[in-house]
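Data block below; observations after.
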């Protein structure tokens, strides 16, 4: 049902927004908590100075993000292990020294007595008790790098016992020191001789925990972008060896500003803790609700199993969330406001993108119209390859007819490229590219669909043009072989079996013999000869201008220059003619044509739709990265064609 799908989408976006809000609250909470311990042994240190010191560390943390974590990642595990063992050891020390009877608290009997004696106040205190487990969920951000079993073993075997011992040690200390400052009970319970080493390790652990959540925020924003639910941002690989270590400059600086604003605005770890607990409780409950749907629709279990799962986990998390809601006036409002802002941005972007795609589907050019134009398409076919980027995996986009109607000339070879995110985490490299043909062979029109999962990152490809030519050449060979096998009927008569819309998975050719092309890199002498030959042609001015612009364009310096030649082993003259036309067009140059479309709401639309499309979506589209930057298209070869869509 349409409304249920919309509700599900908003729920998922709200959960993702809470995770992003978690990425805003975790660094201030962790760093500010660790530095607040300085006030235990330095009474002259004011709260303002602690905030300035925390903001300094946060700025440094975000400024080094673009270098990546792979250079210091080997320190993360030792720091966390030492920190956890230290927590456990301090807990055991406080239990032995102050009150060994606290071990009796492991009995559920005292849990029941606690709520019997405290009543409503005990229920409200669950919002603070929730903070004892928050932060542990950050380790699940590393599910892309570690197995689920290893994370379970680490949590059950190390994290959980150390945390329980630490909190029992604090309880033992409080039972004998009732007049200590409850806000600094952890630092108060540390023996004086090891206070400063513990403070250093606590600060390092806070930085590591903050780094994990920041990386998780980069990851979830990238996945939302791949699924069309977040404006396009720049994604940079920070490691050549480890897949998934990424960095987004825009998200990084936005997170930094928000973290500093939270630190300087709330100033109190209690208020930040209330906000932090609200975000974590919301993430837990939304995850549980969505997990119930996964159990039914993905794992194909019965609704009874999903209901039992909801009862077992959802009820407990709902109780914690209800307690956290009581802290909304005391800082709990912050993650709700942040989430609503992010949900609004993500929903408006998704709505505008979806309406634009629907317009493209409904107004795509019919193949009958293209067939009626003939091989020349009714226009002048100029030398070169025209790569037309489209969001359509089938059909010809309206931007093509708009272009040729206003400028009746196009390239000798046309390739429609569609970069499509599919709803799976990863797509194998050998299954990534689909290549097909549009219209008859004489039209020289092809289609290439580049598929990637929502966890795949589109790395910069400096050899894209050469790679595309090789894939098209291999497709031509595959098609010719298939036609040769299928075109001979039972009586030996050759029949034509060209099938339009036929596409094939074409991996990168490992053997050039399969493509029918020869490839070699031109030497210095050949480059001089080529430039001299180009200067002797009538269009030498165009060649010289193109060469000058290439020299000024930084992207062309890293691009691989090769020359293609058609091999002589072809027996099918049609294949040889088509490959010759492809090579000739490649040597003439490659141009990228991309639609620069604007969508506007119709005059009969509601006020809400007009604001969402004409104001909010237009603002996001204007200020996000264009598809040309996201797809690493060289600026010198980019042609943008403007269109206005009324939706």
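From the backbone N, Cα and C atoms, a Cβ is placed for every residue, glycine too.
Copied from TrEMBL, the annotated features are:
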DOMAIN    3-370  domain 'K+ potassium transporter integral membrane'
DOMAIN    383-645  domain 'K+ potassium transporter C-terminal'
SIGNAL    1-21  signal peptide
TRANSMEM  45-65  transmembrane segment
TRANSMEM  72-96  transmembrane segment
TRANSMEM  122-141  transmembrane segment
TRANSMEM  153-174  transmembrane segment
TRANSMEM  194-221  transmembrane segment
TRANSMEM  242-264  transmembrane segment
TRANSMEM  276-299  transmembrane segment
TRANSMEM  306-326  transmembrane segment
TRANSMEM  332-349  transmembrane segment
**Message:** Does the transmembrane segment (306-326) come close to the transmembrane segment (194-221), meaning at least 3 CB pairs under 8 Å for residues 6 or more apart?
**Reply:** no
**Folded-back contacts onto the signal peptide (1-21), same chain, C-beta under 8 angstroms, at least six residues removed** = 216-217, 220-221, 224, 229, 279, 282-283, 286-287, 289-290, 293, 334-335, 338-343, 346-347, 350
**Prompt:** When you check the transmembrane segment (332-349) against the transmembrane segment (45-65), do you get at least 3 Cβ pairs under 8 Å, counting only pairs 6 or more apart in sequence?
**Reply:** no
